[in-house]
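Colleague: I grabbed these lines from TrEMBL:
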TRANSMEM  A:7-26  transmembrane segment
TRANSMEM  A:38-58  transmembrane segment
DOMAIN    A:83-155  domain 'PAS'
DOMAIN    A:159-211  domain 'PAC'
DOMAIN    A:208-260  domain 'PAS'
DOMAIN    A:282-339  domain 'PAC'
COILED    A:327-354  coiled coil
DOMAIN    A:357-570  domain 'Histidine kinase'
Amino acid sequence: MKNKPNQITIIYMLIALFTAIVFHKISLQQSSITNYPLYSFLKDVALVLFTGIVYRFILSKNENQNKAVLEKLLKTNNEIKESNEKYDIVAKATSDTIWDWKIQEDKLYWNKGIKGIFGYNEEEVGDSSKWWFDNIHPEDSIKMSIKLYSFIEQKTENWQDEYRFKCADNSYKYVLDRGFLLKDEDGKAIRMIGAIQDITKQKEEELRLKLLETVIVQTKDSIIITEADFNENRLPKIVYVNPAFSVMTGYESYEIIGKSPDILKGPNSDINGVKKIVDAIKNKEESLIEMISYKKNKEEFWLRFSMIPIYNSDNELSHWVSIQRDVSDEKKQEKEKEQLIRELTKNNKDLKEFSYITSHNLRAPISNLTGLLNLIEDITIEDPELKEILFGFNKSTHLLNDTVNDLTKVMIIKDNPSIQKEALLLKEVFENVFSQLSFQIEAYKPILKIDFENVTVLNVNKTYIESILLNLLTNSIKYRSESRTLKITVTASQLNDSITLVFKDNGIGIDLERNRDKVFGLYQRFHDYPDSKGLGLYLVKSQVEAMGGNISIDSEVNKGTTFTLIFKNK
Amino acid sequence: MLDLILCVDDDPITLMLCKKVIGKTLFSNEIITAQNGEKALNYFDAIKNSDIDKSDNKLPQLIFLDLNMPVMGGWEFLERFSSSEYSDFSEIKVVILSSTIDPEDLEKAKKYPMVIDFLSKPITLSMLDYLTVKMQPKVV
């Protein structure tokens, strides 16, 4: 292009020279012509015209050529522009960061992604490979550079690597970097172009999944994953088993994947268990099953396993997950426990029968003794010694009778955990109890303070509540203080379904510091009184508890005792 | 006042006590005894099969019955005595007099309509008074 004007000028001069020579030759031949000045003028005009035409022809030809070149240039330019736009759009769409490295000059150019993804401003971005390498996580940089240089030196077609790249805020992003090498005619690498993809999310998810996977791999529970549907008429095919499964059953995963869990079944497997599995699969329902199963070596064991249906994102059943455990030991213990309970129940029943019979056999002669003593009462006895002997005989017999009766009562209460309850008027219950004690009340004239507030009805067993109140009242009278008038306060209050009865006296009290654990015990006596047997409070507690209530005590020596009884009015 | 009562018990002392206590009262004219359920049934069988006119035969109005007895206990006696075989004697009342404490026995006794009470040994004067009152309308 540069030489075109010279070229045109030379061509023009050659043609003009040639024409001038031709005209010169003609003028030599025509020298005889007289009108020479005219001729010379015509000759010059002809020369100018001819060379002008030729010149014009050359110029117009050149012009056309230029036009074509320009058009071509424009077209190429447009194509490049379009291509650049496309490239930008693609880079944007993939959110890749593109880099372009002129290896010899060590110039590295980054596209906009370096700002968008890693947060670097233009002035922060270095223009050599050093900046690139400096921002690679120290743990990754050696491995990465070895791979990269071996790629540049060897002549593999492409390269890709994963590493952590530092962002402007000093955090690291996981990236996938893929590069292509451009070579010159000698096959020498001169340029490398790469695209960096941010895979932090995938990587983190991968790490999270790896962590979750360790649960499945490390757990001592065996885990099976199967397909969703039956394998013809067998259970769904196994797609995964964890190591614990292999430990439990002896089947390695390669032996069992693709097979059905039917392989664990054996002659003693419960047919109902199998039915339960089939039903669960048919109904797509979670299930928990226990059945005898078989290891690879045919050894029997008790397998407890859950079946959990797994749905995919389209809400279609995709798999079953089964978590399993060898419960043979538990089963054995359960069996032993059942056996033990059976034996204990039988022993208990035998003992109960034994105690009823013993009690009956004791009571029969005692009742005879009592009856006989009743007869003696009507006979006048003169001999003072015989009288004394009979008196002792009488007293001992009655004591024996009372003891056997009390023990019998306890036995019946303990044996009858569910007793009949009825709604009783609190006022009537107390009237009844007081009338039974009228003799003692008359004798000791205690101050009775009774306040039932708005509680009127108590839902209890009549015999028990009377026995309880009778016991507590006689205790108050029996263990009254000699130095002050006996005062008994009974209050009742209700909170929701609970009725609280507080029974308070100002008697001699019990030393709870020493005796708290024993207060309600059997045959526990705290005062050396002749007619105390240590049974009353034991009986009271048994009866309160038999009715579903509870009783507590508060007492101070020489101040008095308070019993708090709580019943549920249901 | 009753004419005749029957005490069924294997314990001679209990029987002696019954006789003595009842003898002190106007509860009954006469007392007969049997050592167990079978002996008691034999007594009723004899009455049933005798050709003698029934008015000459003594028919007890009340039975005091023990439960634990050899050969035939109180329950078996009640079972047999309440069957159709002994329907002639359905008017006779029974009072169980026992030293049992098994609550199941109390429940069981309620199944027999002829059993009017379940009392604990020993037999006493006040018990007889109580029974007199209880039986008054039926006796008359």
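Placement of Cβ uses the backbone N, Cα and C atoms for every residue, glycine included.
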Colleague: Checking distant contacts: for the transmembrane segment (A:7-26), what same-chain residues at least six beyond its ends satisfy Cβ-Cβ under 8 A?
Modeller: 43, 46-47, 50-51, 54-55, 58-59, 62
Colleague: Provide the three-state DSSP residue tally for the domain 'PAS' (A:208-260): helix first, then strand, then coil.
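Modeller: The composition, in the requested order, is 22 helix, 12 strand, 19 coil.
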Colleague: Could you give the mean pLDDT over the domain 'PAS' (A:83-155), rounded to a whole number?
Modeller: 85
